[in-house]
Amino acid sequence: MEMNLRIEDLNEETKTLISSLPSDKDFTGKTICKYQGCWYTHNVLQAVLNFQKSFKPQDTDIIVASFPKCGTTWLKALTFALLHRSKQPSHDDDHPLLSNNPHVLVPYFEIDLYLRSENPDLTKFSSSPRLFSTHVPSHTLQEGLKGSTCKIVYISRNVKDTLVSYWHFFTKKQTDEKIISSFEDTFEMFCRGVSIFGPFWDHVLSYWRGSLEDPNHVLFMKFEEMKAEPRDQIKKFAEFLGCPFTKEEEESGSVDEIIDLCSLRNLSSLEINKTGKLNSGRENKMFFRKGEVGDWKNYLTPEMENKIDMIIQEKLQNSGLKF
């Protein structure tokens, strides 16, 4: 997902900043540093700095935000399908989601666009609204948005399922198995808050508070609710985006068509997602695993469950947020 720049290939601003930041190793053995309360690899930190400095937001922009492995691919597909359904109905044989991975249609600021350039050419995003995505926490994102009133949709997920999916994804990503930590070691690091884009609880709370302070511009969604009540959740999402379903659309089955098109079952079965690759070389199939609620029960011991539950209870105390 990210280019592998050596430390000497980073610009001077980034190298100087890194030398002053707290650092640690993530569970793959990669050096990460803590900037504005969040852990980043050196490459991604440089991209975050580029984004904060150079991005020129438009008030019509839509940004999909998430902590890694919380349902980002699914939410990107839904966002694209909802916003483009008037010109590109979900039942069209040439719908872009049938031939493109959702991460191509909704690129990341810090992993795609600003990783490769300090000031990337965004003119190809000429249609309005422009669609972008990010894994950075809210306060870091807002610095790049410079007071814009664009809309942000955030997807959260139960911390235990997030951890399991996170470990599987980065284990598949890592080619040198000798430096992969065990699930138990990864669990301990995660509980300490040492994970790429972590700590998890700080990340989630940053967007939760944003949604309470400005519900017209920040929508906080939960993976579990989307799985349990897809029609209600997607209708609410469309309302937030400013493209609510008409009575005629609902009667014609448009909501269910979008649910089917964007389902993980359908997306993972597409040829582009079985054999295709992103520009980075990452295989599209890596973004699809189970997408289930409760898979953590196959991995966490009762002691692990109790420990992480106590941490989450403490970190989310008095916030009003529950999983």
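Please read every residue number as a count from 1 along the shown chain.
Each residue, glycine too, has its Cβ placed from N, Cα and C.
Database features, via Swiss-Prot:
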BINDING   K69, C70, G71, T72, T73, W74, R157, S165, R289, K290, G291  3'-phosphoadenylyl sulfate binding site
ACT_SITE  H135  active site, proton acceptor
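The structure, with features from Swiss-Prot marked on it.
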| residue | record | CB count, 10 Å |
| --- | --- | --- |
| K69 | 3'-phosphoadenylyl sulfate binding site | 23 |
| G71 | 3'-phosphoadenylyl sulfate binding site | 24 |
| T73 | 3'-phosphoadenylyl sulfate binding site | 25 |
| H135 | active site, proton acceptor | 24 |
| R157 | 3'-phosphoadenylyl sulfate binding site | 25 |
Secondary-structure category, per DSSP, in which G71 (3'-phosphoadenylyl sulfate binding site) falls: coil
H135 (active site, proton acceptor) versus R157 (3'-phosphoadenylyl sulfate binding site) - Cα distance in angstrom: 14
Residue pair T73 (3'-phosphoadenylyl sulfate binding site), H135 (active site, proton acceptor) - Cα distance, angstrom, rounded: 12
Distance from H135 (active site, proton acceptor) back to G71 (3'-phosphoadenylyl sulfate binding site), taken between C-alpha atoms, in Å: 12
DSSP state at R157 (3'-phosphoadenylyl sulfate binding site), helix/strand/coil: coil
